[in-house]
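To start, the structure itself, in structure tokens.
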Amino acid sequence: MVETRSKTGRTPPRRTFGEGIVETPGRKRRSGSRKSETNTDRSSSPTSDAHTTGIDPVVEVGMSERRAAKKDMEKSMNGHANGHANGHANGKANGRIIDGWLEGGDPKVDMNPHFDFGGSWGVSAMMIGFPTLMWYMWIGATYYDGNFPSEPGMTYSEFGRHMVHLVYTGAYPHAKAWAIYWIFLIVQGFFYMTLPGVYATGKPLPHEGGNQLRYYCNGVYAFYLTIVLAIAAHFTGVFKLYTLMDEFGPLMSVAIISGFIVSFVAYASALYRGAQHRMTGYPVYDFFMGAELNPRMFGWLDFKMFFEIRLPWYILFLITLSAAARQYENNGYVSGEVGFLLMAHFLYANACCKGEEMIVVTWDMYYEKWGFMLIFWNLAGVPLSYCHCTIYLANHHPSVYAWPKWFLVFLYTSYLFAYYVWDTSQSQKAMFRARERGYQTERKSFPQLPWKEVKNPQKITTDTGDSILVDGWYKYARKIHYTCDVYFAFTWGLVTGFRSPFPWFYPAFFFAMIVHRAWRDVQRCREKYGEAWKEYERRTPYLFIPYVI
């Protein structure tokens, strides 16, 4: 049943359970098996494989409703958090482990730990390697014309000191950089708390008795308001956009340091409040993966949602907008190559906002904890390493990297076609799942594209009661949205040419990650769906590219 707003502007009351937690829809009256996810592959795409579970729809909310909901959550937050945690700790475990939680046991303990990235030693290397690599690539892009830094006449120790000196003098985190970075974060937090939006419901949490968190989604308003304010600040002289490019080194250092600071605060706060979840007992590894599952401020601002959907992609787009502003300031025009990246990064950031309500059921929201991995990567790693395509174009005259006009036309048109396939394929899957659960919510976020839904789709019913979509784009390739993601990354590097390796960091990194992810997803689906998945593979034999692979 679809929940709608009444004439007074209020939605029908729901029973709340603390920090935005709501009772699982139909939980007490449900019979038979509950429909769960199908094609549960995980993607780094903003809207990949995102869908809303349960029968709880996304609903439009007004200012009065947001205030009332916020008060309700704040009143019940403390009592629920303490009482529910103690109840689980004193309960009797029955031996079934669900996502690392021993049913009836203590949700703070991971009873089935799986150590990714090489365990404590591996994540330690990553926490040192991430910022080191970022500074190294910045040095090469800034001081070595986009090439690998090299000083043949220096010893290793002299070269190391030279590199440190370049970072100290060119990327020192001065007060101006701290102000720019944190004012942006605070303003985005203010937008999250005040702008109009929609509610969405996450997946049922086993350790919370199957209850679901409510997420507030207003990224569309925040993104467009950010663009308007940024352009207004530039043309009025309050803040020239190309300042982001001029202060890139210091801003990157601030982002790196902020990633560590926020990670330590998040970890210490979770331990102090007793909010740990699924801990392995290895402090370094737990710090990297995170201690708390669903951290929220005021029971309202969900940190994982806020950090992942808005901060990295908004910053990435603004950096590219900064490069365009500086190029126009210097040359009186914006090159086709910079325009291409501006279009690409706008579409990507916009997609995060456009499908924000669908992301609440993805793996990152449901399972990943808020630790160094998510915090650092969203505050620093994604926006300030994926942008090296922009950095290269900004640091060189258009004559250095200019492609023929016919090739630029090909890049633009092929990218837009890939975006169309990427957007509509995921929309088809999300709407298929929504209809399977008896509801569908239409949002008019830009862009609305034809064939975003398949009417009366072909499907395969599995033994678990799920259905696998075998229609639309998914009758041609099982991971066609991954193919589009890879093409996006490839073109971000290609538009810069081949003179510098750093714009190719993201395409190379993403390709390796997505191939591994696709392999893992296929193995999991074969195990979960058995003969039904084999039938899907027979009917749709191609994984990435129709009639090719």
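Just so it is clear, glycine is given a Cβ too, placed from its N, Cα and C backbone atoms.
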Per TrEMBL, the range holding transmembrane segment, considering 480-498, 499-517: 480-498
Interface present between the transmembrane segment (311-328) and the transmembrane segment (374-394) (three or more C-beta pairs under 8 A): yes
Dominant neighbour of the transmembrane segment (221-242) in 179-200, 248-272, 334-353, 406-422, 480-498, by Cβ pairs under 8 Å: 179-200
Most Cβ pairs under 8 Å with the transmembrane segment (334-353), selected from 179-200, 248-272, 480-498: 480-498
Same-chain residue ranges lying at least 6 outside the transmembrane segment (406-422) that approach it to Cβ under 8 Å: 45, 336-337, 340, 343-344, 347, 449, 473, 480-481, 484-485, 487-488, 491, 494-495
Sequence-remote partners of the transmembrane segment (480-498) [C-beta within less than 8 Å, at least six residues beyond its ends]: 43-45, 48-49, 337, 340-341, 344, 348, 386, 389, 392-393, 401, 403, 411, 414-415, 418-419, 421-422, 425-426, 473-474, 504, 506-507, 510-511, 514, 517-518, 544-546
